[in-house]
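Reading through the structure tokens given below for one structure.
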Amino acid sequence: MIDVNEFEYMKIGLASPDKIRSWSYGEVKKPETINYRTLKPEKDGLFCERIFGPTKDWECHCGKYKRVRYKGVVCDRCGVEVTRAKVRRERMGHIELAAPVSHIWYFKGIPSRMGLILDMSPRALEEVIYFASYVVIDAGATNLESKQLLSEKEYRAYREKFGNTFEASMGAEAIKKLLGKIDLEDETHSLKEELKSAQGQRRTRAIKRLEVVESFRNSGNSPEWMILDVLPVIPPELRPMVQLDGGRFATSDLNDLYRRVINRNNRLKRLLDLGAPSIIVQNEKRMLQEAVDALIDNGRRGRPVTGPGNRPLKSLSHMLKGKQGRFRQNLLGKRVDYSGRSVIVVGPNLKMYQCGLPKEMAIELFKPFVMKELVERGLAHNIKSAKRKIERLNNDVWDVLEDVIREHPVLLNRAPTLHRLGIQAFEPTLVEGRAIRLHPLVCTAYNADFDGDQMAVHVPLSAEAQAEARLLMLAAQNILNPKDGKPVVTPSQDMVLGNYYLTLERESARGEGTIFYGPNEVLIAYDTGHVHLHTRIAIKAGSLNNPTFTEEQNNMFLLTTVGKVIFNEILPESFPYINEPTDFNLEQVTPEKYFVNLTIDEETLKELESDSAYNSLDEKGKIDAQRTAVLRKHFESVPVVNPFRKKFLGNIIAEVFKRFHITETSKMLDRMKNLGFKYSTRAGITVGVSDIVVLPDKGEILAVAQEKVDKVQAQFRRGFITEDERYDRVISSWSAAKDEIQAKLMKSLEKTNPIFMMSDSGARGNASNFTQLAGMRGLMANPAGRIIELPIKSSFREGLTVLEYFISTHGARKGLADTALKTADSGYLTRRLVDVAQDVIVREDDCGTDRGLTIGALMEGTELIEALDERIVGRHTKKTIVHPETGEVILNKDGLIDQDVARAIIEAGIEEVTIRSAFTCNTKHGVCKKCYGMNLATGEKVEVGEAVGIIAAQSIGEPGTQLTMRTFHTGGVAGDDITQGLPRIQEIFEARNPKGQSVISEIAGTVSDITEIREGLKEITIQGDVETRKYQAPYNARLKVIEGDNVERGQVLTEGSIDPKQLLKVKDVSTVQEYLLKEVQKVYRMQGVEIGDKHIEVMVRQMLRKVRVIEAGDTDLLPGSLLDIHQFAEANADAVMDGKNPATCRPVILGITKASLETESFLSAASFQETTRVLTDAAIKGKRDELLGLKENVIIGKLVPAGTGMQRYRQIRIEKDELDTEVVSAE
């Protein structure tokens, strides 16, 4: 066997007849498969053992030789070689065809390669190949032309007239002769001459022909090889025949197709031997041609050949195509051993890096490891007895299993795996039962819940795989989300609620104003019931041992609550004491206002002394009473602080991660989780009907709205307003009423209302849910998406009327249907994104580019889409950043901007920063470390070998399911119906003409005139320096310019989305890149999804990496061809070096589907879409796949060239010295 890891590249080409014969182990002469009595393969048939090898290991057909000792012997009786049966997976046969046949891919594909090289139309070709017309091969001394078609009648007439002075024939034979006469060199020369003068369609045709001719010339393929003389027969194990239970046989469709070919071929041979009349022979040849067509690509021409039940048979092409084809089913995704799946349940007592594995599953997964250990410990004598012990579940087995799984991580995966956090590593702990236990905090990353979700377990076997799982994939390592660099393991639901409840403050709660001298006293007081969790107390600051407190503060008292003392115990030691949910408190220190000296003033002392109870106290009691009195006064001046909501908990995690990195963060997360569960249980927060309080003055609000609506209806009836205006006003009246109800409800709600607490903390629900429960449901849309003007006035608490209930069903059904459609759409988008960017890998440290990207805050009009600091964090600067006023250097050139630097830049009032960006990176086949910047998933600089393309694709695709599906048509004014959500993202990435397209100016100048041609149709005239242009605005479009405005090239004249292809024509590439980036961010930010700019940059760069050659100059490039920017630059550099004229080009934008198919790698393109077209093209060009991307390597079974699979990480050797061990790189 060849070692896949030794491959440099993979080449595809046309096979010559000799090549096909050299692959073959013998000719298949009979259509028989197996003998019906003996069930053994027939000799010379499709399963013949003599050709393809024995069906049983080390055993010949007749049974003369059995056993390994005869390895390699060829039996003298049956002629079968004694070898392993698996050679039947690789040995091929062949069929010698009695007449040449054309290969349907090259004749029928679009464009027809055969037609282009012969300069014949596909229709003419079809007539010749299928024996409808004759073609003139050699005109001789006649007035006929070469390649002229003749009907049967004409042919006879010419034969009578000219005799044998000309040559004409039909069928693939004739085409073969024509192909054989082509001189590629001459053809190239004449086509290049033609290009110099040709225009229009002739030029296009010449370019296409030149491309095909050049392909043949450069690849060394001969055009004659498109016609088959010999047909290869694939190995029998790849088209198996298996016996079913009932004694019948199931067989692959290919066997049927091969049988038809052999039958027709044998019949043709017999007819030729008999010297049958030409009309019979021609018919048989046509049938043979059709049989071979069906075998190669059934259904490509004419009606497909069908099997039983009118099902079209699956041909060789179908074996490769589609989701069930060879590429996607077997090469890009295989089923693996050492795996299992089960239902998941919550494991609240697990550590962050652990999962619970059911015992019976673990014993099966780790069987070989346990067997080895049993033998090594002497508990079993050999592997066989060890296996028996395991099957009987002997007691020794469990102890051994415990030891085996210790330190052996397993991978857990949940489908759908939308991003890389969908598969993570855990250390298994054995649990009873049959369900996998999952840590609650990793649920967000997996998008898992415990309503019956299942997960798969995989065991990494080799030491390297285990090391990678532990170091790179352990759940405790994956704290940040790769899409935005924010923590993905934020607590949710119960944990949020518990911590919210714990950090609540209440005025005059039990024991308010108590003074404590240490956290232990606080806990004792809480346990004995003297104080409540929400009680405001004072504690001696020094007793908290917080290093952020100053010496002076340590001698003072800290105003806080019992709950906050408990909460702060989970934070790392050197962290500030968090007393209020503010960034200042979190990132710097506890605010000064919470530290107090409890020295009493005269006035308060007098008040106390007038109280007889105070005077009866002893000295210590008096001091305490004085302090409590002072404390109460302080509490009056310090307002009640908000509790910690979900977002703030997320900020705490991010800050801990920033300061202490992974280990400390995961420990803190576990403590936060435990606290949350414990106190949400203590809180006992539940929902009852009594918690939903209906608004008393709801009736009045609705009556006012109804009155407004009645007025509008009256105006409409009198003809004062149009139908559209009436509808809009009705809708806005009811919307306003609902908003008013919502606002009043929120005001009237008590802060202790359980439903309010759930929604306020961020655990579950929001204001709108509450409005529907207690206020009114509001307006609903009908199935067409138009809003019904009859609102649902009832709330769920009051109950809906029958009509209201019916109206509600539209929305509910639409919601479910949309969700189902959205999931599929979003998955397909992710697949296309992954495909286009799968070869973008960080390849080098610095590409040395001299360009950068100047960015400011992303704005849409006056609305902020993304702030500057968010955009620059984790990027390298292109220029040194200097404070505009003080002149002090904030960050040197090429420095990495972190959170603190970004803050300094904002505070300095700098509005634009020039950064390194993927847009301007010069690295071939990827990006460099400097242009990419920080890896958002780790918060460190990105490593060489990181597959940033795939991470980008997942980051954009994964939130796709959260985007809305279609536009809601509110009716009314045009221009509201611009596409949003998922369809808009697809529109951008596929570079389609957008819906609601805006008009852009192609020249710079002044708007000289705006005239209305007809109602709703306007024409804009722009007066430039050289020319004047007129633009028609789409019907009813809103204009963005007025007369007298100055416009620039590429400026928008009407509202709507710009067509990027048009923008690219009038502006440069960087404008288009920035426009696409902004548009994508706009869609995601509107849905509240944050994605790092760099991910979108990587994708957009892939869309704009090709150029179209306009003039070839003196280079070998073909005009009109698509090339990678790097290839174009290289070709031009070579031409200039030799003193020749360089070529010219223009940039093109390709949609992601098109860009994937235009990739250099044919394996990657073929496994994506349009398999046959890609392979046809690649074969003619004799393409080499350099195996640079990930897909190509997965397909041929190599390690992917990313991460630890990269060459530079694989060539490492460790040399052991006597004294010390030093790692030496063998690069």
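Quick reminder: no glycine exception, Cβ is built from N, Cα and C everywhere.
Bear in mind that the values here come from a model prediction, so they are computed numbers and not experimental data.
Residues C847, C928, C931 are recorded by Swiss-Prot as Zn(2+) 2 binders, and the candidate that the same record lists for that site, out of C921, C1145, is C921. Excluding D449, D451, D453 themselves, the residues of that chain whose CB lies within 8 A of the CB mean position for the Mg(2+) site are, in sequence, I344, A448, F450, G452. Across the structure, C921 (Zn(2+) 2 binding site) and D449 (Mg(2+) binding site) are spaced 41 Å apart at their Cα atoms. A 10 Å radius around the C-alpha of D449 (Mg(2+) binding site) takes in none of the binding-site residues listed as C62, C75, C78, C847, C928, C931.
Compared over the binding-site residues C62, C78, C847, C921, the count of CB atoms lying within 10 A of a residue's CB peaks at C921.
Ranked by CA distance from C62 (Zn(2+) 1 binding site), the binding-site residues D451, D453, C847, C928, C931 have D453 at the top as the closest.
Most Cβ neighbours within 10 Å among the binding-site residues D451, D453: this distinction goes to D453. Using Cα positions, the member of the binding-site residues D453, C847, C928, C931 nearest to C75 (Zn(2+) 1 binding site) is identified as D453. Cβ proximity to the Zn(2+) 2 site centre (mean Cβ of C847, C921, C928, C931, cutoff 8 Å) flags the following additional same-chain residues: E844, D846, T849, R916, A918, T920, N922, T923, V927, K929, K930, Y932.
Rounded to the nearest whole angstrom, the C-alpha distance between D451 (Mg(2+) binding site) and C931 (Zn(2+) 2 binding site) is 44. In the three-state DSSP scheme, C928 (Zn(2+) 2 binding site) is classed as strand. Take the CB of D449 (Mg(2+) binding site) and look out to 10 A: across all protein chains shown you find 11 other CB atoms. Here C847 (Zn(2+) 2 binding site) is compared against the binding-site residues C60, C78, D453, and the shortest C-alpha distance is to D453.
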